[in-house]
Every structure is written in structure tokens, then in C-alpha cells.
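These features come from Swiss-Prot:
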ACT_SITE  D44  active site
ACT_SITE  E116  active site
BINDING   E40, D113, E116  Mg(2+) binding site
COMPBIAS  212-225  compositional bias 'Low complexity'
DOMAIN    5-127  domain 'RNase III'
DOMAIN    154-224  domain 'DRBM'
REGION    204-225  region 'Disordered'
Amino acid sequence: MNSPIDKLERKLGYQFKDAGLINLALTHRSANSKHNERLEFLGDSILSFVIADDLYHRFPKVNEGDMSRMRATLVRGHTLAELGREFDLGDYLKLGPGELKSGGFRRDSILADAVEAIIGAIYLDSDIEKVRSIVLSWYNSRLEAIKPGVSQKDPKTRLQEFLQGRRKPLPVYTVTNIKGEAHNQEFTVECEVAGVDKPVIGKGTSRRKAEQAAAETALEQLTNG
């Protein structure tokens, strides 16, 4: 009889030799004193390397700035959370009662962190070449679609250029809340933008990420509204 983890492994395209690693990768700090943050730290570095290496060889004539922007697009929390949802990762996460109640299994930051932790776990369970092949299989369609150029500018830059092009004042970002312990904080930022009726809210694990999230939402409202 197949276990839930067997089903997840099929979605990931990798079967763990050490089941303890995948279980640890799925354990949020709210659920246990042994949690996935160290694996997340490892996976973050591995992901950045694998994507940078692929972009370097895929785009031999593209400069460092464009490669950095493409990598940032591919490894940002929103993209990782999309991957997590493709794997139905929220169904497998181990969360504490508070996070369960607040819908943590749907939260971008928790899904993104778990994807990075799984990458770290696969590396420890195998080797760098295996984890490279797995990560590239997950990213295949995104790597095929990505192109250097303006679309890779971060949301804050794109919002600023959008407003400047229309002779509008620049956005104002204000941190309205910081919660959590120093190593596991969530920032809430309000972004006031000309042309948007009320401040746009963004959340993230750093001030910068929260500002980028707010800018992305503001751009969507300005261009779709």
C-alpha cells in the first residue's frame, strides 16, 4: 500500500533512501524543535548554483546583470511557492496548531521554504549531479520560457519606471508590522501609489521581499484596473 510520501516522491521525481530527510524537510518550525530550516539554508544555496550554472551555459552572450535578474525571477519565493503548489506540497507539510489554523499550508513563504528544504534533503540523500537533474526537471518549462531583458527587472524597478513614464510621484513604502523571532520574521509593508485608491499590502520574510510583493500587486492593479 502506498504511503502519502510515496505519492509526493512520484510528483517530485525522486525516491528517498533516507525517509527521515523528506520528513524533516516537510516539518515547519511551528511543529517541532527538529525542523526544516537548516535544510532550507542548504537548498537555497544549491538552487541558486544550479540555476546560475544553467543560465550561464544557456545564454553565453548575456551579461551578468541580466543573468542575475533572470536567476532572481526563477528562485524568488513566488516561483518556489508555485512549484510547491504543483506538487500539492501543502497536503504534506507538518505544521503546528497555530499555523494550521491560520492556513500556513497555503502561505507562499512556508511553501517556498519547504521546496528549498526538499532540495537540500535530495542533495544529502544523493549527490550534486542528481539534485541538479531533479531541479532542472522541475524548472524545465520556466527555463525554456525565460528571456533576458526588461521582463526580468524586479517589481519595485518596474513600478518606478511605470510611474516615471507617466510623470507620477514615486511610491512610498512603509513597514507596518514585523512579527516572529529574529531568525523567522514576517514583514508587512504598505505601498502608497498614485492611481491606486488605498495602500497596497505586501508581506515577506524580509523588508525587501515585502516591498517587492507590494510593488508586484500595485503593478497588477495599475495595469489591470
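Here the Cβ of each residue, glycine as well, is placed from N, Cα and C on the backbone.
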Under 8 Å Cβ-Cβ from the compositional bias 'Low complexity' (212-225), and at least six residues away from its ends along the same chain, one finds 76, 78, 154-156, 158-159, 162, 171, 173, 189-191, 193, 195-196, 200-204
Same-chain shell around Mg(2+) excluding E40, D113, E116, C-beta within 8 angstroms of the CB centroid, reads N36, E37, L39, F41, G43, D44, L80, A112, A114, V115, A117, G120
Find, among the recorded positions listed as E40, D113, E116, the one whose Cβ has the highest number of other Cβ atoms within 10 Å in the structure shown.
D113
Calculate the distance in Å between the alpha carbons (Cα) of D113 (Mg(2+) binding site) and D44 (active site), and round it to a whole number.
9
Rounding to whole Å, the Cα atoms of E40 (Mg(2+) binding site) and E116 (active site) are apart by 5
For a three-state summary based on DSSP, what are the helix, strand and coil counts in the compositional bias 'Low complexity' (212-225)?
13 helix, 0 strand, 1 coil
Determine the Cβ neighbour count for D44 (active site): the number of other Cβ atoms within 10 Å of its Cβ.
19
For the domain 'RNase III' (5-127), how many residues does DSSP put in helix, in strand and in coil?
88 helix, 2 strand, 33 coil
Taken over the domain 'DRBM' (154-224), the predicted model's pLDDT averages 89
